[in-house]
Amino acid sequence: MNQMHKKLLLATVASLLILITIQAQAPAAKIAATLLEDSQNSAEVECLILFRNTADLNDLSRIHGKERKGRLVYERLQTVSRESQQEVQRIIGASGRPFQSFLIVNALHTRLDRELLLRIAARPEVLRIQANPWIDMLAWRPLPGHTASGRSPVEWGLDLINVPEVWAQGIRGTGVVIGNQDTGVEWTHPTLKEKYRGWQGSEAEVEHSYNWFDAITEISPLHNDEQIDPSNNPCGLSVDFPCDDNDHGTYTMGISVGDDEQGNQIGVAPASRWIACRNMERGYGSPATYLAGFEWFLAPTDLDGNDPRPELAPHVINNSWGCPAMEGCSAENWGILEQAVENLRAAGVVVVVSAGNDGPDCGSVNDPSAIFAGSFAVGATNATDTLAGFSSRGPVTIDGSGRIKPDLVAPGVNIRSARRNDGFMAASGTSAAGPFVTGIVALIIEANPDLAGEVALIEQIMRESTVPAYDRVSCGGYSDTDVPNPMTGYGRIDALAAVERARQVSPVNTPRADLGIEVYPNPSRGLLRFTSDTNSSGSVLEIFDSTGKLVERKQVNQTPFELDLTAQPAGLYWWRWNIDGHRNSGRIVKF
């Protein structure tokens, strides 16, 4: 064999060895390092299997009607997850291991040994396998000595944000459903029982299916209990009626809807109905329990987890919990929670999130879900509209976005609400501030039912319905006089202003599908592109602000074309385009 042939043979062998090595390493590269390490020493590891395929929901943003949005989102997510997960489910099932399938994100939750980890990671449809760490709820500060005897005709937080003035107009949240994802709820509490959607007038007729979901099926290891047993939890596990193992969920639910009609007016929207999910075991949850809650709110099921019904999804969800790095949440698993939030938004559900209690440092809004663009994050103020020292400040730096959060602020210091055993308590935290905003969403929707499912529009109404809030800290080069700013966002929410603004908004009209009208990007910083599948020569486009004032009028000679609203202030706008005798309209959100 000559030298050239030897060199070619050696090069070929070396290439094959490299290829074999790469192929052997490829499955391991998809597995989180912590899982690989733990799987060497443990018989099984708890994990989340993420799949490559995701549902395209972009075209649904133009659809009006919450029920229709919810149904279409659910159907698309279901189709993608069913097609993607089939073979991996077969493999896990053949091993005799249980698993939980998600569609709110395309993922599976299970426990695997090292051999199965590598086998499943090698499959082309699998994107990544990551850990499922247990996570603590937001720290809050219960204040001793506050009981029912300390009640006042209207709690100070409700009074400050002008909730009684809204009630005086007959607006109390009627027809709106509020979801609460927390430590559970004591449903029989006198301020909450008759607001529970499962309440049918008597305890003999109460219906918990479609109104309650318990995502807690095991005891959290973070408690370091001497002996792991379901009895360690005061509610037990997988309970079939609303139960609170911590006080936190009952407390937050009370701020949104609570009223016993005996002088304990603690809730913003007392005519609303509530449903709930327990996603934390005595204050500790995990990405899997949070995803299970988000998925149930997308399409509530019966108590056996069957027959999902997206038309029973809530209008808004309160989330007074965080996912801190110290408890195992990191950039590795942020993405699945953010995708769940975005999919709920696409389904017409507003996701309200407490900003966190890690202040006063700048950049302390650092936990999911508060850091996400699609979460409506709320900070906490005191009775003088000054930001609480504990309230987390932005900008969001942990993901490199520099995003301004919180979106706005609400009362969160010394807030009195419900607690277990028919009691009451006062506490401080952004956990208290978030439920005020959740209740205001209910007031907005009752004031203008056409807004149900219009998430971006509801959020914009709230951003435009604030009063100044103050902070001694300046972050990111902003002061508290800048709007928005990373300390107080757009300011402190005002319920009366939000309801009045909601009434000014014109009903949303879905453009005729056969005209193929698209407006993008939306939301926008000013420059918009309009397209239409129909000949629009000689048509007229008009732009109105939220008060109905005409701010732009354009003669359209051809499409696509651009329209520049940079000179207009941030806010909500409406476009109206008359094409070939058909009037089409839609909304624009300008940042």
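Backbone N, Cα and C define each Cβ position, glycine as well.
So that you can see what the record holds, here are the features copied from TrEMBL:
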type     : residues : note
ACT_SITE : ASP182   : active site, charge relay system
ACT_SITE : HIS248   : active site, charge relay system
ACT_SITE : SER431   : active site, charge relay system
DOMAIN   : 173-466  : domain 'Peptidase S8/S53'
DOMAIN   : 519-584  : domain 'Secretion system C-terminal sorting'
SIGNAL   : 1-26     : signal peptide
Take the C-alpha atoms of SER431 (active site, charge relay system) and HIS248 (active site, charge relay system) and report the distance between them in angstrom, rounded.
9
Neighbour count, 10 Å Cβ-Cβ cut-off, for SER431 (active site, charge relay system): what number do you get?
32
Check the domain 'Secretion system C-terminal sorting' (519-584) for me and report the mean pLDDT.
82
Calculate the distance in Å between the alpha carbons (Cα) of HIS248 (active site, charge relay system) and ASP182 (active site, charge relay system), and round it to a whole number.
7
Around the C-beta of HIS248 (active site, charge relay system), how many further C-beta atoms are within 10 angstroms, looking at every protein chain?
27
DSSP-wise, what's the residue breakdown of the domain 'Secretion system C-terminal sorting' (519-584) into helix, strand and coil?
0 helix, 38 strand, 28 coil
Surrounding CB atoms that lie within 10 Å of the CB of ASP182 (active site, charge relay system), all protein chains:
29
